[in-house]
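Straight from TrEMBL, the features:
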DOMAIN    13-184  domain 'FAD-binding PCMH-type'
ACT_SITE  ARG161  active site
ACT_SITE  SER239  active site, proton donor
ACT_SITE  GLU335  active site
REGION    355-374  region 'Disordered'
Amino acid sequence: MGELLADHTTLRLGGPVHRLLTHTDPAAWPDVVRSASAEGTAPFVLGGGSNTLADDAGYPGTVIRMATRGAAIRPLGGDLVEVVVQAGEPLSALVAFAVDQGLSGIEYLGGIPGTTGAAPVQNTGAYGQQISDTLTHVVAFDWRLERIVELRAADCGFGYRASTFKSQLGRWTILALGLRLLRSASAAPVAYRHLAEAMGAPLGARPPLTQAAQAVITDREQRGLALPGSGPDARQAGSVFLNPVITPVQEAAVRRAGGPVHRDQSGGQRTSAGWLLEQCGYRPGSRIGPGVYCSDTRTLTLTTRDGATAASFTSALRQLATEVFEAYGIRLCPEPVRPGLTTGWLEVPAMPSHRAVAKPSSPNQPPAVGSRMW
Ligand SMILES: Cc1cc2nc3c(=O)[nH]c(=O)nc-3n(C[C@H](O)[C@H](O)[C@H](O)COP(=O)(O)OP(=O)(O)OC[C@H]3O[C@@H](n4cnc5c(N)ncnc54)[C@H](O)[C@@H]3O)c2cc1C
């Protein structure tokens with residue numbers, strides 16, 4: 001047993017790995033495959049570990065850490081270019097590179113920790129922009145077919161924080177990907193009101209590329225969306241739950257309570273997971289369990305402090321998801337991935353009948369979200 005996953009994940013949790021292979025040279029990929037295949041167990045692929053909740057017991061097989069770097073620009077004609085980037089390139093470095101080159105299309109993704117190769121897995125996104133908006137293709141190793149394949153964006157099953165890579169975790173290792181970017185001094189239209197206001201621009205305006213990229217970094221720092229190098233919130237994986245899809249009845253109740261509702265790219269109505277946690281009484285800084293707290297600036301981000309373990313973090317997630325489910329009948333789905341498990345890894349107990357969601361006593365008496373009656 002060797003290296004600790006805690007040293008390779010931003011939550012700083014996780015026990016020893018049977019074997020850690022660090023992949024740095026694209027040409028050496030066949031050697032990595034040979035080495036990992038000799039183990040007989042499925043390898044787990046790690047990027048920056050910023051969306052991974054590793055077990056206290058560690059991982060019994062091989063972990064491949066993607067550390068290939070580099071990006072190349074290929075003209076596509078007119079103002080369009082394709083940037084082909086290696087999977088281990090940090091996403092934030094790629095965004096800085098693109099902005100520096102005067103290329104628009106990923107400027108709102110700055111400041112997100114992790115690697116470019118992991119971005120298609122959960123269709124990483126922020127401020128209304130997501131990696132699937134510009135992705136042309138992915139070059140991946142298919143562990144089932146045992147060969148390198150090229151997947152077009154249309155084959156990747158992208159949705160809100162979702163993709164084929166996430167629904168079939170472990171099948172593909174993304175080696176490189178292509179992004180179609182636009183040579184432009186202006187950013188894509190700003191889609192978030194508070195970001196627009198921070199730049200003194202109207203919603204939908206196209207601010208200067210560099211100004212938009214800088215505004216995103218500043219906004220992330222101010223709103224607890226950046227990963228601090230030190231301090232009480234330095235150990236975290238960002239948002240712990242996806243914003244859940246809600247039914248029309250739940251949507252009406254959320255709206256009556258003044259809660260947020262937005263339509264995702266698949267047409268589903270979603271509310272804010274952070275808002276639901278706050279309706280359950282949680283606040284920035286709340287202690288959830290041993291060593292597990294809401295971050296000092298954001299309820300939806302849980303941080304690990306002294307005494308935290310993967311088990312206590314998982315219990316904290318289960319506690320929060322159970323409270324939301326019992327109060328509102330809405331199932332929260334965790335955002336971080338657990339090595340070796342599928343995405344539905346967080347089991348929430350079935351709702352006891354006596355806590356079933358109460359119906360309004362008459363159509364004229366809407367249930368109040370704050371009093372947990374819907
Ligand atoms: C402070 C903070 C802010 C964040 N903000 C956002 C945000 O705004 N939007 C957002 O979407 N996410 C956000 N995240 C979550 C996370 O940073 C992103 O999901 C990021 O894309 C994960 O990259 P990673 O390399 O760290 O992935 P990892 O944690 O290493 O891996 C995540 C998953 O991807 C798989 N994977 C990794 N690399 C590959 C590869 N090359 N091929 C195949 N599978 C692979 C892993 O097996 C695992 O299943 C945030 C996290 C933090 C800590």
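From the backbone N, Cα and C atoms, a Cβ is placed for every residue, glycine too.
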Study note, to complete from the structure: Rounded Cα distance, in Å, between SER239 (active site, proton donor) and GLU335 (active site) is 7
Check your understanding: Which residues, sitting 6 or more apart from ARG161 (active site) on the same chain, put a CB under 8 Å from its CB?
Key -> GLN122, ASN123, THR124, GLY125, LEU242, GLU335
Review point. For the domain 'FAD-binding PCMH-type' (13-184), what's the model's average pLDDT?
Key: 96
